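Structure first, commentary second.
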Amino acid sequence: MPATQIERARNGEVTPAMERLAARENHEPEFVRREVAEGRAVIPNNHAHDSLDPMVIGRAFATKVNANIGNSETTSGVEEELEKLHAAVHYGADTVMDLSTGGKLDTTREANVAHSPVPIGTVPIYEAVKRAESADAITHELLLDVIEKQAEQGVDYMTIHAGILMEHLPLTDGRKTGIVSRGGSILAEWMEENGMQNPLYTKFEAICEILAEHDVTASLGDGLRPGCLADASDEAQFAELDTLGELTGTARERGVQVMVEGPGHVPLDEITENVERQQAVCDGAPFYVLGPLVTDVAPGYDHITSAIGATEAARAGAAMLCYVTPKEHLGLPDADDVRDGLAAYRIAAHAADVANGRPGARDWDDALSEARYEFDWRRQFELALDPDRARSYHDQTLPEDNYKEARFCSMCGAEFCSMRIDQDARDADGEMSSITESEGTDLDASAAASANRPPVGTHDTSRVPDRTEVDGVAFPSEAPGDDD
Ligand code: SF4
């Protein structure tokens, strides 16, 4: 049986995945090995996922972003799911969670794994409910069967809501919004109906055996995460976190890579404390957060409310951010929503990486700023986080080709362009040469800068449909956010 990345790291082995990640992240391979061995980083990399370009999740590395896709009872087909997958990767997702609950679950999952250059995550309890036809009818055997089958299919990480326990449920009674995690609510119903402890908790060791066999990373779900500011940092949330800390130790002892999921909705001033608490309770295991949203008053703009929280969380040490779209709490996101959500989260991740001094992170900013000051509009578009949007906004007022070399844009106009005025003044004083003759930023010499710049340059997207095939497709059908 092939060992897991954490087992091999503990044995002192630098695996090919670790070599690859060292190049992508501007670190020494030995550094990557040590972070994985200590459990501070994970490399979701199922042995059966042949198309994967390995990536690493850990606070010592560039902040990662996850996008949720998936079908429902009413939508959609396998081809459409592959288009969503490609679009998510194109707009910069580092991992993709398949939250499908309808249609041909196995076919969709297998197609996603076969075509994805990024790790695929799932929430097995969804399929268990579907097969049992109701939450309370799920059996221990069925749960293990679903997890084993998904592991065999090549899923790289699984959300396992093993931390929500019977004794935690009364702690949610005074909440404003109760239990908002879909997995958490399913398991709470199961425990209440069956009068037994969470089966994911009681069977956790058996689950670890399956995960270790295939090197599936455990993503310990936060079934009791707060669904509003008033419920943040409450007794229920932290009681579950303590259990997640215990389970982190259990998983590591059994050679399973593990990360921990987190809230949700948290006031800005409580986010750092939340991250530090998770890091202490879970012994530095990577923290994978949803947002968090820092205010509840802006439905329609929750990609912004949550990206603010996500930036703060990443700054404080969260390793991966699950994106939120403008449709959060309101409806199914369409293609534009997914694009906006991913853009917001790439900004959050990158802003935190710059502030945290990640190797090479600011090279991208410097290169774009140089192009901006040089009025090199084409280079600006090329370097922009969303090149198509930057170009189209410029074209709205100055579409002609000659304006792509103009020393102004329509924002201030030719007469009042401050950069043009500044350059003319420096020219007159003979000072411009100190700027124009200085060496520019060489992004090609910065592996981290080019690897982490969306559209993500190093993912092998040759196995997924051409980008033109995604235009106009509505996705994903499953609302990301308070549903996993
Ligand atoms: S016109 Fe204003 S916004 Fe446009 S390039 Fe000049 S300074 Fe920048």
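Positions of Cβ are set from backbone N, Cα and C atoms, glycine also.
Keep in mind that TrEMBL annotations are predicted by a computer and have not been checked by a curator.
TrEMBL lists N68, M97, Y126, H161, S181, R182, G183, D222, G223, L224, R225, E261, Y288 with the feature substrate binding site. In the three-state DSSP scheme, Y126 (substrate binding site) is classed as helix. Of all Cβ atoms in the protein chains displayed, 23 besides its own lie within 10 Å of the Cβ of Y126 (substrate binding site).
Counting every protein chain shown, the number of other Cβ atoms lying within 10 Å of the Cβ of H265 (Zn(2+) binding site) is 26. The Zn(2+) binding site feature in TrEMBL is assigned to H265, H329.
All protein chains included, C412 ([4Fe-4S] cluster binding site) registers 13 other Cβ atoms within 10 Å of its own Cβ. According to TrEMBL, the feature [4Fe-4S] cluster binding site maps to C409, C412, C417.
Annotated region 'Disordered' per TrEMBL: 428-484, in sequence order.
Here TrEMBL flags 460-470 as compositional bias 'Basic and acidic residues'.
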Sort the binding-site residues Y126, S181, G183 by C-alpha distance from C409 ([4Fe-4S] cluster binding site) and give me just the closest.
-> S181
Which residue among the binding-site residues G223, R225, C409 has the fewest other Cβ atoms within 10 Å of its Cβ, if you could check?
-> C409
Those binding-site residues among Y126, S181, R225, C409, C417 lining ligand 1, judged by a Cβ under 6 Å from any of its atoms, are C409, C417
Cα nearest H265 (Zn(2+) binding site) among binding-site residues (S181, G223, R225, Y288, C417) -> R225
Rounded to a whole number of Å, the separation of the Cα atoms of R225 (substrate binding site) and H329 (Zn(2+) binding site) comes to 15
Including all protein chains shown, what's the count of other C-beta atoms within 10 A of the C-beta of C417 ([4Fe-4S] cluster binding site)?
-> 18
Quick one: which of these binding-site residues, H329, C412, C417, have their CA within 10 A of Y288 (substrate binding site)?
-> none
Whole-Å Cα distance, S181 (substrate binding site) to H329 (Zn(2+) binding site), is 13
